[in-house]
Every structure is written in C-alpha cells, then in structure tokens.
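Engineer: One structure follows; several queries about it will come next.
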Protein chains: 6
Amino acid sequence: MRPSKRAPEAMRPVSLERGVARYAEGSCLVKFGETHVLCAASLEEKAPGWLRGQGKGWVTAEYSMLPRATHERTRREVNFGKPSGRTQEIQRLVGRSLRAVVDLKMIGERQITVDCDVLQADGGTRTASITGAWVALHDCLVWMKARDMLKGPALKDHVAALSCGIYKGVPVLDLDYAEDSHAETDANFVMTGSGGIVEVQGTAEGAPFSEAELMTLLGLAKTGCAQLVELQKLAVA
Amino acid sequence: MRPSKRAPEAMRPVSLERGVARYAEGSCLVKFGETHVLCAASLEEKAPGWLRGQGKGWVTAEYSMLPRATHERTRREVNFGKPSGRTQEIQRLVGRSLRAVVDLKMIGERQITVDCDVLQADGGTRTASITGAWVALHDCLVWMKARDMLKGPALKDHVAALSCGIYKGVPVLDLDYAEDSHAETDANFVMTGSGGIVEVQGTAEGAPFSEAELMTLLGLAKTGCAQLVELQKLAVA
Amino acid sequence: MRPSKRAPEAMRPVSLERGVARYAEGSCLVKFGETHVLCAASLEEKAPGWLRGQGKGWVTAEYSMLPRATHERTRREVNFGKPSGRTQEIQRLVGRSLRAVVDLKMIGERQITVDCDVLQADGGTRTASITGAWVALHDCLVWMKARDMLKGPALKDHVAALSCGIYKGVPVLDLDYAEDSHAETDANFVMTGSGGIVEVQGTAEGAPFSEAELMTLLGLAKTGCAQLVELQKLAVA
Amino acid sequence: MRPSKRAPEAMRPVSLERGVARYAEGSCLVKFGETHVLCAASLEEKAPGWLRGQGKGWVTAEYSMLPRATHERTRREVNFGKPSGRTQEIQRLVGRSLRAVVDLKMIGERQITVDCDVLQADGGTRTASITGAWVALHDCLVWMKARDMLKGPALKDHVAALSCGIYKGVPVLDLDYAEDSHAETDANFVMTGSGGIVEVQGTAEGAPFSEAELMTLLGLAKTGCAQLVELQKLAVA
Amino acid sequence: MRPSKRAPEAMRPVSLERGVARYAEGSCLVKFGETHVLCAASLEEKAPGWLRGQGKGWVTAEYSMLPRATHERTRREVNFGKPSGRTQEIQRLVGRSLRAVVDLKMIGERQITVDCDVLQADGGTRTASITGAWVALHDCLVWMKARDMLKGPALKDHVAALSCGIYKGVPVLDLDYAEDSHAETDANFVMTGSGGIVEVQGTAEGAPFSEAELMTLLGLAKTGCAQLVELQKLAVA
Amino acid sequence: MRPSKRAPEAMRPVSLERGVARYAEGSCLVKFGETHVLCAASLEEKAPGWLRGQGKGWVTAEYSMLPRATHERTRREVNFGKPSGRTQEIQRLVGRSLRAVVDLKMIGERQITVDCDVLQADGGTRTASITGAWVALHDCLVWMKARDMLKGPALKDHVAALSCGIYKGVPVLDLDYAEDSHAETDANFVMTGSGGIVEVQGTAEGAPFSEAELMTLLGLAKTGCAQLVELQKLAVA
C-alpha cells in the first residue's frame, strides 16, 4: 500500500497553469500533487560566448528551491557560495531535456533560460520541472514567433518526465517524498511526445535491480509520460 | 500625474493571504499591486551560537528575488558566490523591523527565520516583505503557543512598512517601479501599530531634500502604515 | 550624564589634516575624537563599464577597518572572502553622499574612488568617513582643475555627516562607542553646506521613537553639520 | 567502422595494477586503453559527522583530472573556487557505486575515501574510475582485515562499469574520446559481479532513443562488465 | 648613482614610533623613508586549535596594504575573495621571523597576532614590517609581563630585516621602489640581534648571480640589520 | 646518521623519464627517491593579457599534490576554494626558475604552462618539480622548433634545484620527509647549468644559522645541481 493510497500505476493530480509570471516571455506553474514549481522562460538577445557566430542559439535551465519548500527549512545555497552538486545535476538535466526537442538553429543567436523555482517540494521536483518548463518554453517560442524572431518551426516535440521506483517490492509511478525516501530503486525517465527516450537515470538505493525491473519501470513511465503530454496539449491549446 | 493614475496619498491594492506554504509554521503571500512576496516563517529549536545560555531567542529574515521576478531577468546571486550588498541591506532591515515588536525572552532559546522570496517585483519589495513577514511571524507564534512553547506574550505590536518619495515634485505614497526609478527622493518608513517609528531611511537621489519635505513624507507613511495594520488585523482575525 | 562628560549637543574635537597620503590625488586624515579615518581619493582615467559613452564620470567609495582599530581585534574581511554586509552598507552610503554634491558631467569619463580606512574606531566611523572624504575629494578635484581636466565647476556643495541618538532618554550628538552600544535610538544624518538633507537613517534599537524625537535629533544634526562644514572650509582654505 | 577499428562489442585493452600508491591503504592504476586513472583508497578513523553514533561507516570518492590529461589543457578547478558540476556528478556516482557493494556496518565508525585522479583521458574516465576504485577499496579492506578492524565480511560483491553508445547508428561498447564526442546516445552502466544493475544513465545527445536500443546497450554492457569483473578477480588473486 | 642619491651601503632614514594604536597591547609605526607600516600586536587568550593542550602559545602575523599606499591605486584583496599569493608569502615570512626570537612556552596557551598594515609603500614593506613588528611584539610582551602572564623570559633576541640588491651592477642596501623595480637581483635578509640569519631569500630577476655577489649582499645586510637593532633598542628603552 | 643511511653529500637516486603525458607538448616524470612528480608542458597560442603586443611570450607553472601523495591524506585545495599559500609560493618559484633560462622573445606571443603534479611526496617536491619541469619545457621547445615556431634559440641554459639542510647538526643534501620535518635549517637552491644562482631560500626552523653554515649548504647544492644537470643532459640527449 502506497502512503498516498494511490494505485501503483497512478500519478498524482497534475496541473499546468500558464502565464503566471507577468514579465516572463513564457511561464507555467506546474503542480504534481503537493510539489509546485514555478517555471519562467526568459529570452536573451545573445547566445553564450562559445556559440557565437554559429548561427544558432541555446536553451538552458536553472533550478532552485525556496528554503521552506521542504518539510524542514534548508539553507539557501547562496550562503555556501555555490550551487550544490544536486542543484547542478538537476539544472543540467532540465536543460538537456529541453534541448532534445528544440531546433536550435531556428531561434537564431539567442538564449532562452528557463528558471525552475520550487515553491513547494513533495518529491519529483526535477520531473515536474521538466514537464512545466516545456510549457514555459512553448509559450516563449510562441511569443518569438509573434514577433517574427524564428527562422522556422523551433519546437520539434513535447518532452515530459516522471519518476518511478520500487517501493516495498512493488514498482510504482510518480514517487512522492514519503515513498522516495524509502524506495529501493529510484529511476527518472524523460520522454518525448512520440515516445522516444531522452534520458534514463536509474539508481539502486539498496539492492541492485534486474533487467526485468528496469523494463517494468520503463513501462510505467511510458504510460505516465503519455498522459503528461496530453495535459501539456490541453494547457497550450 | 502618477503613471498608475493613483492619487498622491493612495497605496496600491494590498492583499495578505495566510497559510500558503504547506510546511512552514507560518506563511503569507503579500501583494502590493504587482509586487508579490512569499513570506514563510520557520522555527528552529536552537538559538544562534552567540546567544546561547542567555535564555532568549532570535528572529531573523532572509530575502531573495526569483530571477524573473523583474522586467529583465537578473542573475541568481548564488552564481556570484554571495548575497549582494542590496540583499544584505534588505534582509537586515526586515529582521530588525520584526525584532522591534517581539519579546525575544518569551520564545526561549529558539530561532525564527522569516524567508521573504519575491515572486514578482514592481517596486516596494522591502516594504511588502516587512508587512507580510509580520503575518507569517504572527502565525508562527500562534503555532508555538498552541504547543505551549511560549513563556508569555511574545508579540508586542504590529509592524508594517511603506515607501514614499518625491516624484515630479510631488510627495507620493507607495512608489511602484515606474515611479521609483525616477523619484528625486526615496524614503522607507517602518512603523508599529501604535504609531512609533522603527526605522527611517531617506535618500536624496537627486537634489537634497528639506526638513519640511521629510515631514510630509512621514505624514503620508503614517496614514498608509495605519491602513496596512488594519489589513493585518483582518488577515489574522 | 554622557560617559565622555560632553554636553548633549557637543561634538567631539574634530580635525581634518590634508595631504597625508603622498601618492593620492587628494587625502585627509579625519579625527572625531578617538575615531581616526584615513581618506584617500584616487583618480582613474576610465569610467565604470555601465557608464561608458555617456560623457560623464563616477564617484565611489570603499571602506575598511584595520583589524586592531577596535577595542578587540576583528578578523580581516578578506578571510571571509567578501566584504561584510555592514561594510557594503557603509561604502554605498559614503559614495551616495559624495555624489550628491558632485556634478558628474564635469569630471568627464573618469572615476574617483575615495578609500576610507579606519585606523582607530571609537564610534561614528561612517560619519567621520563622509566628512573627511569630502576633503579628499575636494583636493582631487583641485588637482584635476590644475591639469585642465574639468569641464566646469564639479563640486556643488559641502557634505558632512553626524550621528545622533537617544542615550538614557536624552537626545545627544555625535555618539562615541560607549554611547553607541547602549543608545535606544541611533540616527545618522548626511547634510549639505546649504542645509539640505542627503540621507537620514534612523533605527530604533530598543523602543520605537516618535516623530518629535526624530525632529529633535534632526535639529542637533543640523547644528553639528554646520560646524563640520565650517571646519572643512578652514581645512581647504 | 569505429575510429579505433574495434568491433562494436570490443572493449579497449584493460589493465589493473595494484599497489601503485606507496602510502595508501589500497591503490590501483587502471587503464582502459589510453585512459589512465590512479585510484587510491584512504582510511580515516572517523565517520562523517552526520553518521556518528550509528555504529557504521562510510565510503566516498573524489575525482579530478590533471590539467593536461586531455588533448587540450583544461584549467584547474581550484582556480574556479569549486569543483565543476561534472566533477561533482562523477564523484557522487563513484561513491554510490562503491557503497552498493559494501556492508557499511562491518567497517565500524570509519570513512574510506577513494581518490580517482585521471592521469590521461581518452573517454570513459568515470567507468574506469569505478572499475579501478573497486580494486583500491578491496585492498584497503584487506589491509583493515589484517589489522582486525572489520566486524565481519565487508565487501559483498564486485562492481564495475562501462559506457556504451550509438555511434553512426551502431551500438558499441566502451566509447573512446573520438566516439564519445560524436555518439548519438551515450549510456553508462554500473553492474555488480552477480549481474545486478547499480546505476543506469542514458542520454540522447541527438535524437531520442528507443526501448529496443536501450536493451541492446544494456546487453553489451552486461557482457563487458562480466569481463571487467574477471579482470578484477585476476588482479586481486 | 642610486635614484635617491644614497651611497650603496646607506639605508633610508628609519623611525620607530611606539604606542600609536590606542587599543592594541603593543604597536609601532615604522618608517623606512617613504615606506610607512602600522604594526599592532593583539593578544588573544586562546592558542590555535592544532596547538591546544601543549602548554605553549603562538605568534603569527597578517599583512595588508591600503589601496592607495602605492603610486597607482591597487584593488582591495577582499574583492578577489582571498589574500594574494604575495600577501600570504609576506605574512608567513613575518610570522616565522618573529617566532624565531620568541620562546613560545613562556607565553602560555595564547596567541599574539601582529598586524602589519602598509599606509604608504615605497619598497621594502616586508622588511619594514618585520622590523616594526618586533617593537609591537616587545611591547605586547611587556604588557603581559606587567600582568604576570609570562612564565619566564619570552623574548630571546631582536629580529630585523633589510632588502639588498644589485642595481645597475652595484650591490646596494635597502632598495626603494625606484630601485626595486629595476634591480637585477633582489634579496631579503632577516637577522637577529646576535647576528644569526633567520631567513635569506635571494632571487635573480635578470641574470643569475654568483656566490661572491650573494656574500657581498649578506655583508651589506649584516651591517644594516645591526643598525636597525640599535634603533629598536633606543625605541624600547 | 641520516634515516636513509645516505652520506651527508649524497642525493637520492634520480630519474627523469620523458614523454610520459601522451597529449602534452613536453613531459617528464621526475623521481627523487620516493618523491615522484609528473611535469607536463602545455603550449597556448596566446600570451597573458598584460603582455600583449610586446612581441614576447611567457612561461609559467602550476603545482598540486594528489590527496594521497602524502603519508596521511590531505584534503583537495579545490574544497577550500583556492590554492593554499604554500602552493602559490611553490608555483611562483617554479615559474621564476624556468623563466630565468628562457629567452621570452624567442617564443613569440605564446604561453607555456608547466604543470607539476606530485604523484608521491617524500620531501623535496619543489626541487624535483623544477628539475623535471626543465625537461618538459625543453621538449616543448623542441616541439615548437620542429614546427618553426621559435624566432631563435629560446633555451639559454639548464636549471635544476636541490634542498639542503642542517640535520642533527650536520649539513646534508637533498632532504627526504623524515629529515625535512626535523631539520634545524632548511634551504632550497635553484642553479643554472653554468653554476649561477637563480634563487636561494634559507629558513632557520630552530636556531638562526651562521654565514659559514649558509656557505656550506651552498657548496653542497652546487655539487648536487651539477649532477642533476648531467642527468638532464642524458635525458634529453
């Protein structure tokens, strides 16, 4: 039995609210149950230095949590002088996931940064960030298209993400914090609208897992990501 | 004529929404027009080191802005390795303002940290932070009282804050961003429910100002802070 | 009774010694009693980056204390990796105060930095810094004028500063360390030679203060700053 | 055709040389072709603070590259003030992989740190590090056993790692630098001696990959890791 | 001909003024011509952590330059986040030099820090620092003796320092800035009152130097240091 | 009797192995007994900014130790955010020593960086670094010559270094760790192939030393450096 009483293959209620950041070119407040992330896409008229002169742009992401997003207050990373290893891992993952579905040549020598700020955290903040960031990015590209800033279609597909894990021996979808902290295996899947895999990250927290278990988790994730993609379609419709 | 068409003595619409941060002991989403700040109070069962053994506690504050709270994206301070001078000034001001109305002996050897995270910024983020932080602090103290953690009445008074300024020669209340960036004089007032002054910070951005002008601004602030205190009373009623 | 036996409205003996830094374009060793600050103005043939091409210059300040300026040794800020919040607040205040009396267009695309290094600290280091920095800045501008580097009169007025406070219920002028650490209210005033207010910073350390008390402190500061301006005039005569 | 002319399922020549660091409790110079990593295990008689009093120990890893390990010199991370995100990701991965095969209760309240310093880098430094670090860790545990420092069998299994990828459309094993920089998909697998999966990290660098491709890569990795485990057995025999 | 017209074996005028820092346990303003260093000794009732329980104390030094001590303004090191390599070299040298003449057992488990802050720099700041720091340290030890804090005689000898160099082919004593920046060879000697060598640091800036030249420079330094020791004796008499 | 049983004037066995770093323009693994340093020279097609336009280049060095090079593991400096004072002293010394024998005009506007990474440390790492770095630099210059990148002969002489010290009252050559930690006096000499002195650094760890002792140590170093130069000649023959 999951602490939330959900069935093994059940996600938490998901909502995607657009246009929440007044000044951003695109934004989305994504909720996976009690996990809330504010995603805001910002357009900058300058590509990063190492890309200049190549006629294409860049999409990147930053990630942070408010100190009291969590059950216990966590210290701000600015007080340690640098983003933690975990923060860097997550923001690199979000950036890679978005770039997998963008044609960087179409946006010209510009940069889009999607900020994912976790207002409340109950597990799955990185997968919620990817799913919401896609909506913010989508709206930023719509904003650019309306201003004739795109050289052609820039968004190639949807991208969404979900965590899965083995909790008390049972493969389950979309772990919340209570499950996440006790799961034997924890895996994040990033998938496109057409069902391709962008990223798999599976870690045995306790005993190693088998090939069969990996396949079961992947199956759960495929079904879940397909649902997320439907919700994205509704959100931007 | 103010850009917002407000009368010189008119504040922006203010709202104070309690209980917005699920895990915090007290919280408040404060809005001064388009300036939105999420204030969350966190209780820690340990006073700061320099206070230990003195039988009293501490109240402090931290302040930050989301990168895209502003019209243009601003870089995260963690990437500079330290909070900016401006951030430090503001969080020290919020902390001092709150301590002015708390009896630190009543909370025991504990620390309450009020995080003020600006979700959207249209001027006056520090005064909104103080006004909202009082509500979060209030609720944290209620939470403590319900658990018999207070030695006696800890909250001595309300505290609220407003900015004033001289804009195109006219003293006006509660500057928004469009005014703030062009005001000749900019002053922040922090005042208690009983009308005492906790902090005055007045700066001539252009020509020096006179004693009479300072008095006019103080008069505006007094009226405005009294209104904010009434809103706080309604919010926590 | 003040610890120093001074009358409430009495400043400490003030001296302003010019030309103490052999290599600086302007310099002044200012003493407010046992508070000694070495102010040195340095001219740089380059405006800050964000100002380039605007045909005007910039005046800024930096502030630091020698480790054993104080009764107890304080650790050097370089060992913490960054200036403290207090240091940043003070150097921003000194810079703003000086810019209030300089016509930045007259100095061309250059920068003048006034370093205020506290050799000995007995309270009031920021107000002594402002008062002495004006002399160093004056002499730097004289140096520039002698070399035909000014486009016109650059120095619009004097600027000087004093602290006031309520000590054992009595409003007093120019707090020394013994008073400062026990004052109920602490206020710094920065004023021009013509009596305009450049900056007011008043803080209730204990109970909030009233409008009447603020006026009394302002009155003390006006008289005191007028005396400092007379001393500046003598110094640069 | 692979740049190295290797068959798709062929690893580079692997060697594991023990005892190369005179002062370390265990050490191994691991070579995967032209990728050379010096792994040294250090025993410290103190568990990390957050683990104290729990009667168990910790195994961790650190990772670094010599500046000229690479084709072009890379700047030392100490000059940036902190380890890069990539370095942190890798050292966390190596640590997790080792902990998956150690019974931390058996080593008592101690910490073993395995330093993985890349002397020469031709792709696959993280997988070589894990494979070599296991040998260094093994020898450290033997050293401890000889001194009666273990409460029982501490090493539960072997652990080894390999990268796979899709290069010019063909799934290949053990990517070198020439392949790695052009692979469409890049996946790292960490596996135990008994064939369990400890970690999977698959990333689409270009087009998303399919479930079938993931399975093919996993199959390659299983065969390869089994060979690495045989080499580890020979090395410590 | 030296730029200063001094004879090769002539030092600049040296003065040692005691008691210049009101709050320090010992202090000295040392001048070697236009090089001025304020040395202040601070006693702390606690030895460094690594020395605790050994029944002895520590003497250390810190060094810094005011930004406009130099011909051109130099940036404060706090803005780089750390002391420069040069600063660290000098403060380690001053500390070692002082410890060479102190019996650390006699001062108990305490630490004396001598701060050397360069007010004005015209070459030879490190040698002036050592020479003045000895006086500050002497007075701190006298202060401690007067309070019965010493277990016995703590100061074993004088220590003083001078630079020498080969300038336009001629060995000269006590280089000023004009010489220092053009000397072919630059050597610093730290010597005790009884003529022992505590430290030699000789560097060929241009062509290597010979054994004979090293001897000549040492001879100059011996004569000079003996004079400095006489001045120290007068100063503390 | 020395711990190693060596005669006072006997160095440890020295080896200089070229070409150990596959990708570097020049490299050398130098061993002074159990002290092993990997030296790698990297050519960069750009002089440092402060040198641009002067038609000459620069030679610099960096130094680091692997964490378990030493008897006890030392923490990586990257975790402190900056190179230690000791590291900076050493890398500046190595750089100065190499520049003493290079004609910087001949290498054009380029920079050569020699990285000295200590794989194993048993005393004398800085002298071994200098001695090995010369070989790496030599081979880098040969590499440049083969590509017609030199304007003329760039390498003017050999440079090598040795430590000497007074151990139990006896002057000895080439201190190992066991001696170094107990020597009364410790001196490093850097000398050219023609016998000139590039750098002398002598420090009294205990009692001051005399002129005669300094001469004896210099004599030992001269003989030793001459042997090192012979070994360099053999190595690059």
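The backbone N, Cα and C atoms fix where each Cβ goes, and this holds for glycine too.
Just so you know, TrEMBL annotations never went through curation; they're auto-generated.
I grabbed these lines from TrEMBL:
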type	residues	note
DOMAIN	B:11-140	domain 'Exoribonuclease phosphorolytic'
BINDING	B:ARG86, B:GLY124, B:THR125, B:ARG126	phosphate binding site
DOMAIN	B:159-223	domain 'Exoribonuclease phosphorolytic'
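Please go over these features one by one and say how buried each is and what sits next to it.
Structural biologist: Under the three-state DSSP scheme, B:GLY124 (phosphate binding site) falls in the coil class. Counting only same-chain residues at least 6 apart in sequence, those with a Cβ under 8 Å from the Cβ of B:GLY124 (phosphate binding site) are B:PHE32, B:THR35, B:LEU162, B:SER163, B:ASP174, B:LEU175, B:ASP176, B:ASP180.
DSSP labels the residues of the domain 'Exoribonuclease phosphorolytic' (B:159-223) in these numbers: 17 helix, 30 strand, 18 coil.
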Engineer: Using a 10 Å cut-off, grab the number of neighbouring Cβ atoms around the Cβ of B:ARG86 (phosphate binding site), all chains included.
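Structural biologist: Around the Cβ of B:ARG86 (phosphate binding site), 15 other Cβ atoms lie within 10 Å.
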Engineer: Which residues, in sequence order, are found in the same chain with Cβ within 8 Å of the centroid defined by the Cβ atoms of B:ARG86, B:GLY124, B:THR125, B:ARG126 at the phosphate site, excluding those residues themselves?
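Structural biologist: Surrounding the site, in chain order, are B:TYR63, B:ILE90, B:VAL118, B:ALA121, B:GLY123, B:THR127, B:ALA128, B:SER129.
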Engineer: Helix, strand, coil: count each for the residues of the domain 'Exoribonuclease phosphorolytic' (B:11-140), based on DSSP.
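Structural biologist: For the domain 'Exoribonuclease phosphorolytic' (B:11-140), the helix, strand and coil counts are 45 helix, 41 strand, 44 coil.
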Engineer: With every protein chain in view, what's the tally of Cβ atoms within 10 Å of the Cβ of B:ARG126 (phosphate binding site), excluding that atom itself?
Structural biologist: 25
Engineer: Looking only at Cβ atoms, how many others are within 10 Å of the one on B:THR125 (phosphate binding site)?
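Structural biologist: For B:THR125 (phosphate binding site), the 10 Å Cβ neighbour count is 23.
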Engineer: Can you give me the average pLDDT across the domain 'Exoribonuclease phosphorolytic' (B:159-223), rounded to a whole number?
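Structural biologist: Taking every residue in the domain 'Exoribonuclease phosphorolytic' (B:159-223) and averaging pLDDT yields 95.
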